[in-house]
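Below is one structure; the comments refer to it alone.
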Amino acid sequence: MREKTKAILYIILAGVGFSFMNVFVRLSGDLPTIEKAFFRNLVAAFIALVVLIRSDLGLHYEKRHIPMLFMRSICGTLGIMCNFYAVDHMNIADASILNKLSPFAAVIFSIFLLKEKASLKQYAALIGVFIGALFVIKPSLNFADFAPGLIGFTGGMGAGAAYAAVRYLSNHGAKNPQIVFFFSAFSTLVMLPFVIAFYKPMSFFQLFCLFMAGASAAVGQFSITAAYSHAPAKEISIFDYSQIITSAILGFIFFSQIPDALSFIGYAIIIGISYLNWRAGLKADAAGK
(Lines of atoms letter the chains of each structure in order from A and count residues from 1; the text may use other names and numbers.)
(Lines give C-alpha, C1' and ligand atoms only; values in the text may rest on other atoms or scores of the structure.)
Protein backbone atom coordinates (compact mmCIF):
# COMPACT_ATOMS: atom_id res chain seq x y z
CA MET A 1 0.00 0.00 0.00
CA ARG A 2 1.34 3.45 -0.94
CA GLU A 3 2.34 5.80 1.86
CA LYS A 4 -0.18 8.43 0.78
CA THR A 5 -2.99 5.85 0.75
CA LYS A 6 -2.06 4.80 4.28
CA ALA A 7 -2.07 8.45 5.35
CA ILE A 8 -5.54 9.03 3.89
CA LEU A 9 -6.91 5.94 5.65
CA TYR A 10 -5.38 7.07 8.94
CA ILE A 11 -6.81 10.58 8.68
CA ILE A 12 -10.27 9.16 7.90
CA LEU A 13 -9.91 6.86 10.93
CA ALA A 14 -9.00 9.93 13.00
CA GLY A 15 -12.23 11.59 11.87
CA VAL A 16 -14.18 8.51 12.93
CA GLY A 17 -12.46 8.59 16.33
CA PHE A 18 -13.24 12.26 16.94
CA SER A 19 -16.82 11.80 15.71
CA PHE A 20 -17.40 8.99 18.21
CA MET A 21 -15.82 11.18 20.90
CA ASN A 22 -18.52 13.78 20.23
CA VAL A 23 -21.23 11.11 20.25
CA PHE A 24 -20.12 9.73 23.61
CA VAL A 25 -19.85 13.25 25.06
CA ARG A 26 -23.47 13.87 24.09
CA LEU A 27 -24.61 10.42 25.27
CA SER A 28 -23.14 11.12 28.71
CA GLY A 29 -26.15 13.33 29.32
CA ASP A 30 -26.62 16.39 31.51
CA LEU A 31 -23.25 16.37 33.27
CA PRO A 32 -21.47 19.75 33.48
CA THR A 33 -19.33 20.46 30.42
CA ILE A 34 -16.21 20.88 32.56
CA GLU A 35 -16.76 17.45 34.14
CA LYS A 36 -16.99 15.85 30.70
CA ALA A 37 -13.85 17.63 29.51
CA PHE A 38 -11.99 16.68 32.71
CA PHE A 39 -12.54 12.95 32.37
CA ARG A 40 -11.80 13.04 28.64
CA ASN A 41 -8.49 14.83 29.32
CA LEU A 42 -7.66 12.57 32.27
CA VAL A 43 -7.70 9.56 29.95
CA ALA A 44 -5.62 11.48 27.38
CA ALA A 45 -3.11 12.54 30.06
CA PHE A 46 -2.65 8.94 31.19
CA ILE A 47 -2.09 7.72 27.63
CA ALA A 48 0.33 10.59 26.91
CA LEU A 49 2.26 9.84 30.11
CA VAL A 50 2.66 6.18 29.11
CA VAL A 51 3.96 7.24 25.68
CA LEU A 52 6.33 9.76 27.28
CA ILE A 53 7.71 7.25 29.79
CA ARG A 54 8.29 4.67 27.06
CA SER A 55 10.21 7.25 25.02
CA ASP A 56 13.66 8.62 25.86
CA LEU A 57 12.35 12.14 26.45
CA GLY A 58 11.24 11.91 30.08
CA LEU A 59 9.56 14.83 31.85
CA HIS A 60 12.32 17.35 31.23
CA TYR A 61 11.22 20.60 29.56
CA GLU A 62 13.41 23.40 28.28
CA LYS A 63 12.71 26.77 29.92
CA ARG A 64 12.43 28.52 26.55
CA HIS A 65 9.47 26.30 25.66
CA ILE A 66 7.45 26.92 28.83
CA PRO A 67 5.65 30.20 27.86
CA MET A 68 4.42 28.78 24.55
CA LEU A 69 3.48 25.47 26.21
CA PHE A 70 1.22 27.44 28.54
CA MET A 71 -0.31 29.31 25.61
CA ARG A 72 -0.92 26.06 23.76
CA SER A 73 -2.49 24.54 26.88
CA ILE A 74 -4.72 27.52 27.72
CA CYS A 75 -6.01 27.86 24.15
CA GLY A 76 -6.41 24.09 23.77
CA THR A 77 -8.37 23.85 27.02
CA LEU A 78 -10.64 26.68 25.85
CA GLY A 79 -11.10 24.90 22.53
CA ILE A 80 -12.12 21.59 24.12
CA MET A 81 -14.51 23.23 26.59
CA CYS A 82 -16.22 25.21 23.84
CA ASN A 83 -16.39 22.21 21.51
CA PHE A 84 -17.96 20.00 24.19
CA TYR A 85 -20.52 22.71 25.00
CA ALA A 86 -21.38 23.04 21.32
CA VAL A 87 -21.70 19.25 20.93
CA ASP A 88 -24.16 19.20 23.85
CA HIS A 89 -26.30 22.08 22.58
CA MET A 90 -26.36 21.87 18.78
CA ASN A 91 -26.25 19.45 15.87
CA ILE A 92 -23.07 17.33 16.10
CA ALA A 93 -22.17 17.93 12.44
CA ASP A 94 -22.56 21.70 12.97
CA ALA A 95 -20.30 21.57 16.03
CA SER A 96 -17.73 19.54 14.05
CA ILE A 97 -17.56 21.96 11.11
CA LEU A 98 -17.09 24.91 13.46
CA ASN A 99 -14.23 23.06 15.14
CA LYS A 100 -12.72 22.49 11.68
CA LEU A 101 -12.24 26.24 11.33
CA SER A 102 -9.07 25.77 13.39
CA PRO A 103 -6.67 25.53 10.38
CA PHE A 104 -7.87 28.94 9.18
CA ALA A 105 -7.61 30.38 12.70
CA ALA A 106 -4.08 28.97 12.85
CA VAL A 107 -3.20 31.12 9.83
CA ILE A 108 -4.32 34.24 11.72
CA PHE A 109 -2.36 33.40 14.86
CA SER A 110 0.70 32.31 12.87
CA ILE A 111 0.94 35.84 11.50
CA PHE A 112 1.49 37.11 15.04
CA LEU A 113 3.28 34.14 16.65
CA LEU A 114 5.48 32.98 13.78
CA LYS A 115 5.70 36.31 11.93
CA GLU A 116 4.45 34.59 8.80
CA LYS A 117 2.95 36.60 5.96
CA ALA A 118 -0.46 35.75 4.56
CA SER A 119 -1.26 36.16 0.87
CA LEU A 120 -4.31 37.94 -0.51
CA LYS A 121 -5.76 34.52 -1.37
CA GLN A 122 -5.41 33.45 2.25
CA TYR A 123 -7.14 36.60 3.48
CA ALA A 124 -9.94 36.01 0.97
CA ALA A 125 -10.23 32.41 2.20
CA LEU A 126 -10.48 33.62 5.81
CA ILE A 127 -13.33 35.96 4.88
CA GLY A 128 -15.03 33.15 2.96
CA VAL A 129 -14.91 30.62 5.82
CA PHE A 130 -16.17 33.29 8.21
CA ILE A 131 -19.20 33.76 5.93
CA GLY A 132 -19.63 29.97 5.84
CA ALA A 133 -19.50 29.88 9.63
CA LEU A 134 -22.29 32.47 9.80
CA PHE A 135 -24.58 30.09 7.88
CA VAL A 136 -23.92 27.42 10.50
CA ILE A 137 -24.13 29.75 13.53
CA LYS A 138 -27.26 31.52 12.20
CA PRO A 139 -27.05 34.81 14.16
CA SER A 140 -30.38 36.23 15.30
CA LEU A 141 -31.76 38.88 17.64
CA ASN A 142 -32.23 36.19 20.28
CA PHE A 143 -28.73 35.53 21.65
CA ALA A 144 -29.81 32.26 23.29
CA ASP A 145 -30.64 30.82 19.85
CA PHE A 146 -27.15 31.20 18.40
CA ALA A 147 -25.01 31.19 21.57
CA PRO A 148 -24.01 27.49 21.13
CA GLY A 149 -22.85 28.22 17.58
CA LEU A 150 -20.89 31.25 18.73
CA ILE A 151 -19.27 29.19 21.48
CA GLY A 152 -18.44 26.45 18.94
CA PHE A 153 -16.86 29.11 16.70
CA THR A 154 -14.82 30.35 19.68
CA GLY A 155 -13.69 26.76 20.24
CA GLY A 156 -12.44 26.57 16.65
CA MET A 157 -10.50 29.80 17.17
CA GLY A 158 -9.01 28.46 20.40
CA ALA A 159 -7.96 25.24 18.68
CA GLY A 160 -6.40 27.29 15.87
CA ALA A 161 -4.34 29.31 18.35
CA ALA A 162 -3.28 26.07 20.02
CA TYR A 163 -2.16 24.59 16.68
CA ALA A 164 -0.15 27.72 15.89
CA ALA A 165 1.57 27.36 19.27
CA VAL A 166 2.27 23.68 18.53
CA ARG A 167 3.85 24.64 15.23
CA TYR A 168 6.02 27.24 16.97
CA LEU A 169 7.11 24.68 19.57
CA SER A 170 7.86 22.04 16.93
CA ASN A 171 9.94 24.55 14.97
CA HIS A 172 11.92 25.31 18.14
CA GLY A 173 12.78 21.75 19.11
CA ALA A 174 9.91 20.62 21.37
CA LYS A 175 8.81 17.02 20.85
CA ASN A 176 5.20 16.00 20.23
CA PRO A 177 4.81 13.63 23.24
CA GLN A 178 6.03 16.41 25.55
CA ILE A 179 3.57 18.90 24.08
CA VAL A 180 0.65 16.45 24.34
CA PHE A 181 1.40 15.49 27.94
CA PHE A 182 1.92 19.10 29.10
CA PHE A 183 -1.41 20.12 27.59
CA SER A 184 -3.31 17.11 28.93
CA ALA A 185 -1.83 17.44 32.43
CA PHE A 186 -2.36 21.22 32.49
CA SER A 187 -5.99 21.04 31.43
CA THR A 188 -6.71 18.22 33.90
CA LEU A 189 -5.17 20.12 36.83
CA VAL A 190 -6.88 23.41 35.92
CA MET A 191 -10.28 21.74 35.70
CA LEU A 192 -9.91 19.66 38.88
CA PRO A 193 -10.96 22.37 41.42
CA PHE A 194 -14.06 23.21 39.37
CA VAL A 195 -14.96 19.54 38.99
CA ILE A 196 -14.69 19.08 42.77
CA ALA A 197 -16.74 22.22 43.47
CA PHE A 198 -19.51 21.43 40.98
CA TYR A 199 -19.24 17.65 40.83
CA LYS A 200 -22.35 15.84 39.74
CA PRO A 201 -22.55 12.10 40.54
CA MET A 202 -22.38 9.88 37.48
CA SER A 203 -24.14 6.67 36.64
CA PHE A 204 -22.11 3.72 35.38
CA PHE A 205 -23.38 4.44 31.86
CA GLN A 206 -22.22 8.07 32.02
CA LEU A 207 -18.80 7.03 33.33
CA PHE A 208 -18.58 4.47 30.52
CA CYS A 209 -19.47 7.15 27.94
CA LEU A 210 -16.77 9.51 29.22
CA PHE A 211 -14.19 6.73 29.25
CA MET A 212 -15.15 5.89 25.66
CA ALA A 213 -14.96 9.59 24.75
CA GLY A 214 -11.38 9.65 26.02
CA ALA A 215 -10.53 6.39 24.25
CA SER A 216 -12.10 7.64 21.00
CA ALA A 217 -10.12 10.87 21.29
CA ALA A 218 -6.94 8.81 21.74
CA VAL A 219 -7.77 6.88 18.55
CA GLY A 220 -8.20 10.21 16.79
CA GLN A 221 -4.94 11.67 18.13
CA PHE A 222 -2.80 8.62 17.37
CA SER A 223 -4.37 8.17 13.93
CA ILE A 224 -3.81 11.77 12.90
CA THR A 225 -0.21 11.55 14.12
CA ALA A 226 0.25 8.38 12.05
CA ALA A 227 -1.36 10.05 9.04
CA TYR A 228 1.10 12.94 9.04
CA SER A 229 4.01 10.53 9.50
CA HIS A 230 3.12 8.87 6.17
CA ALA A 231 2.46 11.99 4.08
CA PRO A 232 2.81 15.80 4.31
CA ALA A 233 -0.16 17.72 5.70
CA LYS A 234 -0.53 19.69 2.45
CA GLU A 235 -1.29 16.45 0.57
CA ILE A 236 -3.91 14.95 2.89
CA SER A 237 -5.42 17.77 4.99
CA ILE A 238 -8.57 17.96 2.86
CA PHE A 239 -9.51 14.41 3.91
CA ASP A 240 -9.77 15.62 7.51
CA TYR A 241 -13.17 17.03 6.53
CA SER A 242 -14.47 13.47 6.18
CA GLN A 243 -15.26 13.88 9.88
CA ILE A 244 -18.19 16.12 8.94
CA ILE A 245 -19.76 13.28 6.95
CA THR A 246 -19.13 10.79 9.76
CA SER A 247 -20.56 13.20 12.34
CA ALA A 248 -23.67 13.80 10.25
CA ILE A 249 -24.25 10.04 9.88
CA LEU A 250 -23.70 9.33 13.59
CA GLY A 251 -25.82 12.33 14.57
CA PHE A 252 -28.69 10.91 12.53
CA ILE A 253 -28.25 7.34 13.85
CA PHE A 254 -27.94 8.21 17.54
CA PHE A 255 -29.93 11.45 17.85
CA SER A 256 -32.09 11.67 14.68
CA GLN A 257 -30.30 14.93 13.79
CA ILE A 258 -30.56 16.31 10.27
CA PRO A 259 -28.67 19.54 9.44
CA ASP A 260 -30.85 22.26 7.92
CA ALA A 261 -30.38 23.91 4.53
CA LEU A 262 -28.38 26.85 5.92
CA SER A 263 -25.96 24.46 7.61
CA PHE A 264 -25.44 22.56 4.36
CA ILE A 265 -24.67 25.87 2.61
CA GLY A 266 -22.14 26.65 5.34
CA TYR A 267 -20.58 23.18 4.99
CA ALA A 268 -20.28 23.65 1.22
CA ILE A 269 -18.60 27.05 1.57
CA ILE A 270 -16.10 25.96 4.23
CA ILE A 271 -15.21 22.61 2.63
CA GLY A 272 -15.15 24.18 -0.85
CA ILE A 273 -12.66 26.87 0.23
CA SER A 274 -10.59 24.22 2.02
CA TYR A 275 -10.51 22.18 -1.20
CA LEU A 276 -9.41 25.18 -3.28
CA ASN A 277 -6.65 25.95 -0.75
CA TRP A 278 -5.54 22.32 -0.86
CA ARG A 279 -5.40 22.27 -4.68
CA ALA A 280 -3.55 25.60 -4.78
CA GLY A 281 -1.00 24.27 -2.29
CA LEU A 282 -0.36 21.15 -4.38
CA LYS A 283 0.05 23.21 -7.57
CA ALA A 284 2.44 25.64 -5.87
CA ASP A 285 4.48 22.72 -4.55
CA ALA A 286 4.60 21.09 -7.99
CA ALA A 287 5.68 24.38 -9.61
CA GLY A 288 8.50 24.75 -7.10
CA LYS A 289 10.02 21.37 -7.96
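Even glycines carry a Cβ here, placed using N, Cα and C.
TrEMBL entries are annotated by machine, without manual review.
Features as listed in TrEMBL:
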| type | residues | note |
| --- | --- | --- |
| DOMAIN | 6-137 | domain 'EamA' |
| TRANSMEM | 7-25 | transmembrane segment |
| TRANSMEM | 37-57 | transmembrane segment |
| TRANSMEM | 69-86 | transmembrane segment |
| TRANSMEM | 92-114 | transmembrane segment |
| TRANSMEM | 123-141 | transmembrane segment |
| TRANSMEM | 147-166 | transmembrane segment |
| TRANSMEM | 178-199 | transmembrane segment |
| TRANSMEM | 205-226 | transmembrane segment |
| TRANSMEM | 238-255 | transmembrane segment |
| TRANSMEM | 261-278 | transmembrane segment |
In contact by Cβ distance (the transmembrane segment (147-166), the transmembrane segment (261-278); 3 or more pairs under 8 Å):
no
When the domain 'EamA' (6-137) is classified with DSSP, how many of its residues are helical, how many are strand and how many are coil?
109 helix, 0 strand, 23 coil
If we skip the immediate neighbours and take only residues 6+ beyond the ends of the transmembrane segment (178-199), which ones have a Cβ under 8 Å from one of its Cβ atoms?
32, 34-35, 37-38, 41-42, 44-45, 48-49, 51-52, 57, 59, 61, 69-70, 72-74, 76-77, 80, 162, 166, 169-170, 221
If I take every residue in the domain 'EamA' (6-137) and average their pLDDT values, what number comes out?
87
